[in-house]
Amino acid sequence: MTITAIIGSQWGDEGKGKLVDALSSQCDGVARFNGGANAGHTIVANGAKFALHLLPCGVLYPGTVNIIGNGTVIHIPSLLTEMTMLKNHGIRCGPDRIKISSRAHLLFDFYQVIDSLQETRRAEGSLGTTKRGQNILC
């Protein structure tokens with residue numbers, strides 16, 4: 001079995017999503033080991049555009065098992081929105097295709113409120129967060 005790891009070292013925006021998408025069709029499984037719905041990647045498959053923020057892009061390929069690991073931060077409403085969008089395009093998102101670690105972290109809505117308030121309070125010294133609550137947990 002061959003294992004390929006795509007690792008970023010520039011705080012995101014390195015193009016990891018595009019590279020993972022290019023390799024996913026050849027993989028039995030695709031795993032996300034950290035991060036959350038903070039950023040995202042847009043994938044075009046079967047003539048449709050998919051904006052994924054939390055689910056691994058391997059979900060677009062039938063037969064690929066997708067793993068959300070224990071270092072991942074999950075905002076349940078965002079996860080369900082992504083899964084519904086995919087199901088509406090005929091993409092299966094059942095437990096046979098998506099595995100979520102029982103040790104993944106949950107991000108609650110109030111974390112987003114706190115993140116937003118902290119960013120506003122920092123004013124010019126803000127961190128530039130997306131105000132999605134990631135900064136509170138990470």
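Keep in mind that glycine also has a Cβ here, set from the backbone N, Cα and C atoms.
Taken verbatim from TrEMBL:
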BINDING   G12, D13, E14, G15, K16, G17, K18, G40, H41, T42  GTP binding site
ACT_SITE  D13  active site, proton acceptor
BINDING   D13, E14, G15, K16, N38, A39, G40, H41, T130  IMP binding site
BINDING   D13, G40  Mg(2+) binding site
ACT_SITE  H41  active site, proton donor
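Projection of TrEMBL feature records onto the structure.
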residue : record           : contacts (Cβ under 8 Å, 6+ apart)
E14     : GTP binding site : G8
G15     : IMP binding site : none
K16     : GTP binding site : I6, I7, G8, H41
K18     : GTP binding site : H41
G40     : IMP binding site : G17, A51, L52, H53
Among the binding-site residues listed here (N38, H41), identify the one with the smallest other-Cβ count within 10 Å.
-> H41
Let me know the DSSP-derived helix, strand or coil state of H41 (GTP binding site), please.
-> strand
